[in-house]
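First the structure, in the form of structure tokens, and then the observations on it.
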């Protein structure tokens, strides 16, 4: 699987390169600034891009902007954004086009190589990978509708919002897949959303619901 | 026939109103003249408001004419610091804001001046149109019965009266509606005349205040004389009184003449620190009690403030200079009308013994012309006179360049002290957080790695546990560093600027918050941070204390001032004197000459307005070039 990597810290860039290579990815370009990233994305058209939000030359959200610009050119280009901090604002911008294939994780998540690589694969496959921190912030806002969920349903909703499939959720919570299916149906019912099998649409629905009040 | 008779009766009532309105006019004049002429401007609104029920009665009986008055302003509400704001001035008691607001409400209402116009004209129009038909009928009756010969003429007059009555009544009522009803807009000529009239009224009022100033000059002379014989207490008291009067004149110069005058006084110094021997030093003298120390310090403060002596000089000269300006225009109009034109007119209409203010007493035609010229010239000169009056006030009552500089230096010293102590506190907090948090955790990671090195061969299971612990520690350390960075300068603020950062804040706020308005460029970094944290504080307050259900945040940048308004619909009652958050906000912004205004009446809503003077600059261009290249 071909990866374009953008990270301005040399050590972290090399580390990520090794980590991804070790898991069978081929890093076709590793850049350290926004303009180079955009060029690499448009030239290489990788299977997935792993991008730091803050990049030179402005040291602002150059990486995010380059990724969004590339996705406007190449709709659905899978992008996993890494950051030292997570903002719902950015999560929303990434999800806004509704085509999926996006991820937004804290940089610390690379500590757990398995989970990180799993997230890269999910994004490359057109799924989503939202950081648990983003999800936690979404739930931090007290909401009547979310308040009606049972604790187990909340757990399911959190994992669902991170972008996991029913199977993965079942594994994490030690439930059968059909039990997870029942929970999701009940969650959609309580939140007033039409049920859908599509992983990506489920996250969009959850985010849209939690944002749009 | 019955309609005609009914109209006659109602017409008579209108006639009665006409007589009453003449009475009202007299009452008005009796209170108006001292109110205007002697500068007792606070006498002015009272009779007008008291007499409004009468005009309202007329409105009701003349076909339910709607009332045109503006709503009365509510009582002044204290700001968060307990002072009352009116225009650009803060007062300690609600008295002045209420008085001035009341005055502006009454005199600024066009309906007031229409009421006065109605009182002036109605004695004629009301009598003719209202009581006219009835008078015709009475005349007819008199002719028919008293003389006996002119029955036909009498009957004709009666019939005419009855027939005309409804039309006259209609005409009267429509006239009243026009005079007393609400009106959309004033004609340009009328507006022009109204403006002249207001200018003249203001000038006359200033003339009246000049009399007060003359009185003050006499008082000051007396106070100085007493001081000379050893009664030292008179000087501070007299200066305080003078300051109160000149402060009013400064406000009036700004409101009426458009000349903005800053307060020139030095701030009152704090009590000096007690010396080691327990005494207080003021100048070269030592005092034991705080009372005497404060008194002599106050004396010293007032005596050495140049503004005190400029005030004094002004009280002596204003009766001449200001008085001359008033006489030049308002005086010319008054004398031209009452002194020259009116007596001449009366003489021409053959009234005996007109008042003898007339210079050209023996040549009425020439006098009338001179009077008209005086009135016109005075009215034309009035705006210039008012403007010059303001400038003259500024000559002595505005702070000198030196005073302005020293005030500014004092402000800056204060805000620098605030800023540096806030900065020091912030650094202390960061140092402590790093020491207690991330540093400690990294030491723990190092220890764990050492232990792992030792255990990795002998006890791999324990080593693996330690690895997991070490990873947990680094994650914690990162989370703590993240929080620390967020507290110093939130990343989204650095990346996106103020408005977007606040938008991100609003997304995370437990109370639904919306952000309106945008800024055309980036705010300088330090200001950006200060405003961000202040807004953040206000948002937290709205969620925590106000029990609000929605918050609205608006940004604007006008005339070099950045404004952020945070308004919630909560229960209000926020008091900066109690909460440290609002005070912290004020300290944060004062470093940039910024201000925080909190309006939070009990029962809500709470509005926090932040204002910081600053320039916007265009955002860094490379971000937009990245955006542009995507379109190419």
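Cβ coordinates come from backbone N, Cα and C, glycine included.
It should be emphasised that the depicted structure is a prediction, and the values quoted were computed from it without experimental measurement.
Looking up the ranges B:293-319, B:320-346, B:401-427, B:428-454 in TrEMBL, the one annotated as transmembrane segment turns out to be B:320-346.
In terms of DSSP secondary structure, the domain 'Histidine kinase/HSP90-like ATPase' (B:526-616) contains 30 helix, 29 strand, 32 coil. Remark: the transmembrane segment (B:320-346) makes no contact with the transmembrane segment (B:120-143), by the rule of 3 or more CB pairs under 8 A. Using a Cβ-Cβ cut-off under 8 Å and counting only residues 6 or more beyond its ends in the same chain, the transmembrane segment (B:189-209) has close neighbours at 36-41, 107, 110, 113, 248-249, 252, 256, 322-323, 325-327, 329-331, 333-334, 378-379, 382-383, 385-386, 389.
Averaged over the domain 'Histidine kinase/HSP90-like ATPase' (B:526-616), the predicted model has a pLDDT of 85.
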